[in-house]
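Presented below is the structure to which this report refers.
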Amino acid sequence: MSSEKEKSEPVIEVEQSQPSAMNVVDNPLQRVSKDRVLSDVEEFCKTHNLAEHTALFRRAALVARDSTNFANVSELEEEELAALHYERDHKWAGPFQMWYSIILCAVGAATQGWDQTGSNGANLSFPEEFGIAGTGRDEWIVGVVNSIIFLSAGLIGAFIVDPLNHYLGRRGEIFLTALILFATPIGSGFTHSWQALFAVRFILGIGIGAKNATVPIFSSELAPARIRGALVMFWQLWVTFGIFAGFAANVIVKDVPRIAWRLQLGSAFIPAFFLALGIYFCPESPRWLMKHGKHDKAFDSYLRIRSHPIIAARDLYISYVMYLEEIANAKGASYFARLRDCFTVPRIRRANYGASTVMLAQQMCGINIISFYSSSIFRDVGYTADQALYASLGYGALQFVFTIPTVFLIDTKGRRTLTLMTFPLMFLFLLAAGLSLLKTTGTQGERLGPLVLFVYLFTIMYSLGEGPVAFQYSAEVFPTVQREQGMAWAVCINNTFAGVLGLTFPRMTTVFTPTGAFGFYAALNLIAWVMIFCFVRETKELTLEEIDQVFSVPTSTYIKYESTVWLPWFIKRYIFFRKDVPRPAPLIEKVQFVDHDHTATHSVAHTEDKEEK
């Protein structure tokens, strides 16, 4: 039996069997007494048209207060306790509506991959059609026609996301952009000048940018924390499916005289059609509804995407509590004030560092020189046009197939780990691909086989790391208040630099030679690795609300820990194979909560979140 003093001053206990973390993930519901939590819940239900569900939300709030020890909540009904046990023990369990919505949004990602590879195949013939197949000026024109979809996506499409989401909702915005992505590929197939093709692809890019910034957010807000990485990662899986499908379409129509390139560009309307048709049947994002004061509708939405009402109520209430904290910390409510917060508020700025890093690294690694120009690269080094298309098809197939294992790795190994492991190998394989081009003697197989092999190995490493992580990570790290602005900025960086890559690569291969161009991007892989080491923090298996605590640790503290504590341990343990070296205490860790009575305090000190100079 605890003493009276212990009853009046309970603590959050930390497991002492291993070193304590320097910082712990904080749950605001643990800062106040149980009675205060229940009182706040009653007020929440009363003021948000949820009074009939008050008893349910009281129990749900107690679960949210310590979700890992829900079995200790004596107020739970037997059916609710069974549902929580089932959720814990069946990681991939979820209602049909959750799976349907996330998979449909992932299908929307295929439009981007298909558009990329449609132009990849079209590059073999549309320059001749429009009289721009030469060098110098013609190379720049081909580059700008290919890259304009990414430039307009990054510089325009990404930044109209906030007003579109505000007035149309997540579903409405996705429907509108799906219509654009349905019409513009068809329009591109009917153009008769490079200027007209440029104009149509300019509009296509605006749709891509707006969609790219919204769909991952929508998916992340629907997915439960335990598998959010895997479900949101369906985005990249379906981007790679779109890449593969686009290459397959290129091969299918390659023998159609004169209009092959028109069919290759136009076929990208197919996934957009299914996205526009299917989004009607999805529920709206509950966090978007909550953000707009529609808490009762948010609860209805959660009921459709969670397997039991106690789980739906738990997720809504903890999201509401964390949202209130975000509102209190936000510096302003206007569009530009929230965008400014992404660069000035320390916690949000650190999230921006991470999101911007993974988005920029996706272009720095050089994968899109293959996605945009693989057919041209293979043709220019000696393959026939048909052989180049088939080699590109193999590239697309590998990217799709090797993205699938990451669905299961991203929430176990983590986002940071996957990228840190694969970037050094990407550097080696891309450098080897460039050096293989120096061989000019021997049979065609001896000369070109190594190039294809190393490009394929590079693609496999990309598919196991950076490819799936970039959009998934960026969609989850920003607070609800700034999520549209933060994701818009991340998409702007990604697509703008994709546009720069597409614009410059045709000319770069002439000036640098193909070997020099490959070597340039190989070196950027090493720089990207350093950036990821410094700025990308692990977010696996944390709720969107708990991620807030991860980015409350100052950057200087984080880099010091990683470089002086974690890295030396890793080198000793995995480079020199010293099994006697103890694992260091983690920098950030979830804390074990034990509520002895009503009031909760922490026994682990938090690093103060100070403005970084």
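Glycine too: its Cβ is placed from the backbone N, Cα and C atoms.
Whatever TrEMBL says is automated annotation, not expert-curated.
Annotation source TrEMBL lists transmembrane segment at 98-114 (among others).
What TrEMBL lists as domain 'Major facilitator superfamily (MFS) profile' is 101-540.
Annotation comment: TrEMBL describes 140-161 (among others) as transmembrane segment.
Outside the transmembrane segment (173-190) by six or more residues, the chain places 105, 108, 111, 115, 118, 161, 164-165, 197, 200-201, 203-204, 206-208, 210-211, 214-215, 218, 259, 262-263, 265-269, 272-273, 275-276, 279-280 with a CB less than 8 A from a CB of the stretch. According to TrEMBL, the feature transmembrane segment maps to 173-190 (among others).
Residues or ranges marked as transmembrane segment in TrEMBL: 196-218 (among others).
The transmembrane segment annotation in TrEMBL covers 230-253 (among others).
Look at TrEMBL and you will find 259-282 (among others) tagged as transmembrane segment.
If you look up TrEMBL, you'll see 357-376 (among others) marked as transmembrane segment.
The feature transmembrane segment is assigned by TrEMBL to 388-410 (among others). Remote same-chain partners of the transmembrane segment (388-410), defined as residues 6 or more beyond its termini with a Cβ less than 8 Å from a stretch Cβ, comprise 117, 120-121, 124, 229-230, 233-234, 236-237, 240-241, 243-248, 250-251, 254, 370, 374-379, 418, 452, 455-456, 459-460, 462-465, 467-469, 472, 540.
What TrEMBL records for 417-436 (among others) is transmembrane segment. Tertiary proximity for the transmembrane segment (417-436) is limited to same-chain residues at least six positions away from its ends with a CB under 8 Å from its CB atoms, namely 358, 361, 365-366, 406, 409-410, 450-451, 454-455, 457-458, 461-462, 464-466, 468-469, 514-519, 521-523, 525-526, 528-529, 532-533, 536, 538.
According to TrEMBL, the feature transmembrane segment maps to 448-465 (among others).
Annotation source TrEMBL lists transmembrane segment at 486-505 (among others).
The transmembrane segment annotation in TrEMBL covers 517-536 (among others).
If one looks beyond the transmembrane segment (196-218) by at least 6 residues along the same chain, the residues whose Cβ comes under 8 Å of a Cβ in the stretch are 101, 105, 108-109, 111-112, 115, 126, 130, 144-145, 148-154, 156-158, 160-161, 164-165, 170-171, 173-174, 176-178, 180-181, 184-185, 187-188, 232, 235, 285, 471-472, 474-475, 483-484, 487-488, 490-492, 494-495.
Within the same chain, residues 140, 143-144, 146-151, 153-155, 157-159, 161-162, 205, 208-209, 212-214, 216-217, 339, 342, 348, 351-352, 355-356, 359-360, 362-364, 368-369, 372-373, 470-471, 474-475, 477-478, 517 sit at least 6 positions outside the transmembrane segment (486-505) and bring their C-beta atoms closer than 8 Å to a C-beta of that stretch.
Of the two recorded stretches, the transmembrane segment (259-282) lies close to the transmembrane segment (98-114), with three or more CB pairs under 8 Å once pairs fewer than 6 apart in sequence are set aside.
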